[in-house]
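Undergrad: If you scroll down you'll find the structure; I have some questions about it.
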Amino acid sequence: MERTCLAIILAAGESTRMKSAMSKVLHPVAGRAMISHVVDALASASISDVALVVGRDAEAVAAAANTGDVAVTALLQKERLGTAHAVLAAREAIAKGYDDILVVFGDTPLITAAPLEAARDGLAAGNDVVVIGFQAADPTGYGRLIVEGDALVAIREHRDASEEERRITYCNGGLMAIDGRKALDLLDRVGNTNAKGEYYLTDLVEIVRSLGGRAIAVEAPEEELTGCNTRAELAYIERLWQQRRRHELMLAGVSMVAPETVFLSWDTALAQDVLVEPNVVFGPGVRVESGAIIHAFSHLEGAHVRAGAAVGPFARLRTGADLGANSKVGNFCEVKKAEIGAGAKVSHLTYIGDAFVGAGTNIGAGTITCNYDGVNKHVTRIGANAFIGSNSALVAPVSIGDGALIASGSVITEDVPADAVAFGRARQEVKPGRAPILRERYKAEKLARKIAKAAE
């Protein structure tokens with residue numbers, strides 16, 4: 001029988017060092033609240049029950065944690081009296097009798113399933129407490145994990161550590177797994193006889209040992225346990241997340257010319273043999289199929305780019321953009337809530353919004369779908385193999401049939417049938433010899449202005 005597990009996410013901090021109008025756990029990493037990343041990791045570790053300890057911005061934090069993948073119950077911590085006190089905000093849930101209790105933090109968005117599973121494996125092996133630690137490049141300020149043999153005997157805070165203990169680089173990551181059958185008894189034994197009068201979860205190690213139990217430590221990469229308290233740390237975490245995800249995608253067959261300049265969102269999906277040129281930003285909700293090329297300086301969000309399509313350079317795809325196979329959206333084009341058919345070309349200086357563009361159609365430079373009347377949005381429908389001449393304005397709602405041709409510079413306000421040619425502009429007039437007359441008139445007007453100004 002599988003062991004049951006309750007994960008307790010501590011997210012009740014005041015976030016004062018973040019200097020923000022909202023809780024730090026709501027700040028986005030890769031376009032997603034950092035606490036949502038933590039819940040994702042729990043779901044990946046097959047943990048289905050979560051107790052979320054909240055304080056500031058309780059409703060918003062609970063909403064961000066409810067990703068739909070796990071059952072989350074929000075519990076309000078009214079007083080801030082230390083980590084052990086925070087865990088006991090979930091007393092009723094702990095009392096239900098889970099095999100494992102896993103304590104994690106809401107501000108560690110880089111955590112993955114692996115160390116969480118390792119901690120639970122430690123409990124399954126008969127240990128009472130498992131602490132997740134890391135080897136620190138610079139351990140200054142961290143609590144040291146004092147290990148003898150394979151047992152964890154103490155967690156020593158930096159200020160209390162001896163010179164010898166300060167040389168230890170194995171540090172406390174804060175995350176902990178506790179035997180669910182003993183959790184409440186152990187937590188109730190934690191005292192507050194310290195300078196701050198708070199109840200510290202780290203005391204469990206020595207409490208367990210004093211009762212004849214056993215604690216161990218399992219190691220995770222340092223970056224996975226990186227917490228976030230300031231904007232600078234938020235930027236550092238973003239950088240680490242981006243590096244990790246870029247590396248994963250390149251190993252999966254995505255080419256990035258200058259990966260350090262490509263920015264991804266938490267749900268960016270790039271297929272094998274996609275090529276991404278430098279300085280590309282992927283907002284949430286982007287899917288790019290095999291063989292597509294995203295040229296430099298393009299920005300995509302909420303878009304689907306199908307196989308073999310080309311985007312950019314300097315293109316913007318907004319929510320609802322759907323580019324068909326082998327289609328093209330070129331430089332200085334914006335596409336929003338529009339389908340571009342297979343093989344269609346929108347090559348330059350164009351806005352396509354609330355529209356359907358048929359397969360094989362060519363949209364000339366400077367074309368605009370005029371989709372907004374100041375109150376409502378309207379749809380433009382362009383059939384297959386049509387040709388829209390440069391600098392045309394298509395005033396929606398309007399339909400253009402298959403194979404139709406729109407002359408350059410046209411303003412189209414009425415439907416155009418299939419295979420028709422439409423002109424929507426004033427007829428050109430040529431007046432021979434008129435240019436010198438106009439020039440003389442303009443000169444006279446200019447001289448008159450100068451004389452008038454001098455007389456003032």
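Even glycines carry a Cβ here, placed using N, Cα and C.
Heads up, here are the entries from Swiss-Prot:
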type	residues	note
ACT_SITE	HIS348	active site, proton acceptor
BINDING	10-13, LYS24, GLN77, 82-83, GLY143, GLU157, ASN172, ASN229, ARG318, LYS336, TYR351, ASN362	UDP-N-acetyl-alpha-D-glucosamine binding site
BINDING	ASP107, ASN229	Mg(2+) binding site
BINDING	ALA365, ASN371, TYR372, SER390, SER408, ARG425	acetyl-CoA binding site
REGION	1-231	region 'Pyrophosphorylase'
REGION	232-252	region 'Linker'
REGION	253-456	region 'N-acetyltransferase'
Undergrad: Show me the subset of GLY143, TYR372, SER390 whose Cα is within 10 Å of ASP107 (Mg(2+) binding site); these are the binding-site residues I mean.
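TA: The binding-site residues passing the 10 Å Cα test: none.
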Undergrad: CB neighbours of ASN371 (acetyl-CoA binding site) within 10 A?
TA: 23
Undergrad: Whole number in angstrom, please: the longest C-alpha to C-alpha distance across ALA365, ASN371, TYR372, SER390, SER408, ARG425 for acetyl-CoA.
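TA: Comparing all Cα pairs, the maximum is 22 Å.
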Undergrad: Does DSSP put ASN172 (UDP-N-acetyl-alpha-D-glucosamine binding site) in a helix, in a strand, or in coil?
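TA: The residue in question, ASN172 (UDP-N-acetyl-alpha-D-glucosamine binding site), is strand (DSSP, three-state).
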Undergrad: Please list, for the region 'Linker' (232-252), how many residues fall into helix, strand and coil according to DSSP.
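TA: Split by secondary structure, the region 'Linker' (232-252) comes out as 20 helix, 0 strand, 1 coil.
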Undergrad: Between the Cα atoms of TYR351 (UDP-N-acetyl-alpha-D-glucosamine binding site) and ALA365 (acetyl-CoA binding site), what distance do you get, rounded to the nearest Å?
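TA: For TYR351 (UDP-N-acetyl-alpha-D-glucosamine binding site) versus ALA365 (acetyl-CoA binding site), the Cα atoms are 10 Å apart.
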Undergrad: What residue among the binding-site residues TYR351, TYR372 has the most other CB atoms lying within 10 A of its CB?
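TA: In terms of Cβ crowding, the pick is TYR351.
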Undergrad: Look at each of the recorded positions, LYS24, ARG318, HIS348, ARG425, and point out the one with the fewest other Cβ atoms around it within 10 Å.
TA: ARG425
